[in-house]
């Protein structure tokens, strides 16, 4: 029974607690403080006293009844399986009894208390009767609610049973038994609640016999109500079963009739479609033009045409109808217009129509796959839905299957426009294919073509409508006589095998001495005038990091000189150079260098090269082998003779009086001269003032320098030169050509830059989505962020590739930015924002950048040899690796006694059998030589004193942390965990 305090009740009555205490005291309810509990019996006693004190006049003002109504909606499937919305209205009624205002009792009221049992008896009986009726109403409401719940549960179980009534009949029986058991338990619980409420009701009504009789009558009525409810529930179950069986049979009959009707309508629709198609394919007749009537007569049923096709012959008044238009008189007799885009009014709402390809074009209907035509789109497409006005309908056309030209990258919006559909439809199809995309996101060509095919159109690789298509026309329009040109020879081989030294002897220069570390770190281009003619040489790096440079050198060359040290043999980069030369399809001349050394073995080199499918001429192959010495000059003349002999066989020719074309060998950003590119002219003549297009950059040639730094005015075929005047630093390996005007060059460069950006963005988005779950599953991975600035493009590319190869599963390398030129303040700001380190390869930072780096703690690293840069980055990555944890056993002990202390717990009295034990050690508990627990030592005591360490041969008490299950005879093994730094 609920109870409240005097203060809470006074707050509800809007009285002061002191006033309520006085009234309670006058009513004979002993309450001394506002915090005392106030029961319902006390409230009834106070109510009776107040009624007796103030009389029972104006009873209509004593009670106020409020009715509250709330409406909600639920969705429930009907017998046909369709979801319907049901309005649920809940009504609540609450009665408030108006209390009298709290005024202290006056002395004139005291005589009323002489006979307290006579006067208040009648109102108390009325209140008891009211309470009994309210209790009965609540009981009835509870019974009705339970019945509704049972009926709802039965309905749900029935619907589930209907879906699988053939194979799960016994399961339905068990569900029904469970339902009956739940109803019985609910009834018993309700009876128990009523029995529990009876004593409280008796305590609230001590007035005796009439009240007891009323309570007995109420119990009897409750029992009768319960019996009636059970009988009604049983009857409702039987009725529900019969109704469910009838509904199931009716649904089966209805579905069979609907299927039959649908087949009939489809057959008629196909027949009408064939008739309309025959009418449209009939030869057109020449009609006399006349003004169309303002409003056609209803009896003249006609098939309207589109704006692009003449109307069908049946549309002319008085003309004979087409053979396929036999259905028109019936439609005219019904007084309705024939809809060419609509085969059946009932089939127009079929859900299968929604699966067709949606287009922005003529949506009035057309024959699609399987000769099925979609109905009209929008609200105005229904038959006579807009009132009495007539609608001009388009003639039936075949479903449009478009030929969509897909470029390398295309946004979702552009692709939707090409297919004449909404962008939302394209996004939905992408989601079905497992890719999330926005309306402005770029798609790569493969994804876009798959998407077009999925949407029922034909995808075609687009013939790019770009300005580059006109460059070939400009070049082909030029006619110039092809003249013999000098061969371009690339020197390739392993690092430190003497490639640059060999070229130095040929050029009579000392280039190798000027290279950092004595190794070549960028492509060197030279042309040498020999007694037998001119030869252009490209010196490529031999270090493993410069793979891309060697590949570019092989593409631009005519002949490859493969340098192999006689004392070292074939090495990894030698094999790689052979692959590059064979991929480029250029002949190879092998130079066996360092034959002047005592340990030189040319025969071993030949055997190793034969294993790589480079067979010398003396073994029946086609590759000349020349033993040379870059130190003494032995064999140099023979090598040049072999090179020129190969050039004569190739018959190298190129036009001279034409616009220049060639290849960018190397590029860099010079602080004083701006972007500088080393180019190799392959055909034509490059002159000062020409407009050059190189990749996505362009510019006018301001100056040209040869390999010796001398200014020249022109350069013919096979001549390497250094040009200035480009807008940006080009990519090494890009092709360059001379354009007719600067405007055309700017257009092409801008187009290439945008195309490169879109392609890069599409690939980056695909990579991000692809690696999303991989990154989540991999956990936290350390990342070393690096900014690279190098002197030339090739060195920057090689260094970036070498550092990316150092990445492991635990530490990754992220190249935040890589470029050429000195380190500027913008590079330092980028490093601050991305928390990266800055590497300068053969470049330095200016004063402003150094000051900014020192003030913000940015690490600057300068290198001139790629070995040093790779080694130091590897050390830095090793420091980011998580240390390796190793266990080192330090001792063991035997438990001889077990002590149990109330405040401490279980203590192991142990004897140290080997090694020692300290308080920071870990332990393993062994029982019968089986490890049963591993943990940490809590404390060690010896003779009641805490000690840090106990050595072999001593006894001590050991308290194990969070473990007490120890026995005599157990073994303790102590160990320490040490962290050891890992390396890559």
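Numbering starts at 1 and runs along the chain as displayed.
Using the three backbone atoms N, Cα and C, a Cβ is placed for every residue, glycine included.
Here Swiss-Prot flags 92-267 (among others) as region 'Disordered'.
If you look up Swiss-Prot, you'll see 104-123 (among others) marked as compositional bias 'Low complexity'.
The compositional bias 'Basic and acidic residues' annotation in Swiss-Prot covers 124-177 (among others). Look at the compositional bias 'Basic and acidic residues' (124-177): DSSP puts its residues at 49 helix, 0 strand, 5 coil.
Annotated compositional bias 'Low complexity' per Swiss-Prot: 193-235 (among others), in sequence order.
Here the compositional bias 'Basic and acidic residues' (236-267) has, by DSSP, the following mix of helix, strand and coil residues: 32 helix, 0 strand, 0 coil. For 236-267 (among others), the entry in Swiss-Prot reads compositional bias 'Basic and acidic residues'.
Annotation comment: Swiss-Prot describes 280-392 (among others) as region 'Disordered'.
The annotation compositional bias 'Basic and acidic residues' is assigned in Swiss-Prot to 291-302 (among others).
Annotated compositional bias 'Low complexity' per Swiss-Prot: 310-335 (among others), in sequence order.
Residues or ranges marked as compositional bias 'Basic and acidic residues' in Swiss-Prot: 351-361 (among others).
Marked as compositional bias 'Gly residues' by Swiss-Prot: 363-375.
For 381-392 (among others), the entry in Swiss-Prot reads compositional bias 'Basic and acidic residues'.
Marked as region 'G1' by Swiss-Prot on the basis of similarity to another entry: 493-500. Along the region 'G1' (493-500), the predicted structure has mean pLDDT 79.
In the three-state DSSP assignment, the secondary structure recorded for residue 595 (GTP binding site) is coil. Taking a C-beta cut-off of under 8 angstroms and a sequence separation of 6 or more, residue 595 (GTP binding site) has the following same-chain neighbours: 566, 602, 627, 628, 629, 634, 635. Per Swiss-Prot, the feature GTP binding site maps to 493-500, 539-543, 593-596.
The feature region 'G4' is assigned by Swiss-Prot to 593-596, with similarity to another entry given as support.
Note on the binding-site residues 493, 496, 499: the fewest other CB atoms within 10 A surround the CB of 496.
Sequence-distant contacts of the region 'G4' (593-596), counting only residues of its own chain at least 6 positions beyond either end whose CB sits under 8 Å from a CB of the stretch, comprise 497-498, 502, 563-568, 602, 627-632, 634-635. Secondary structure by DSSP for the region 'G1' (493-500): 2 helix, 1 strand, 5 coil.
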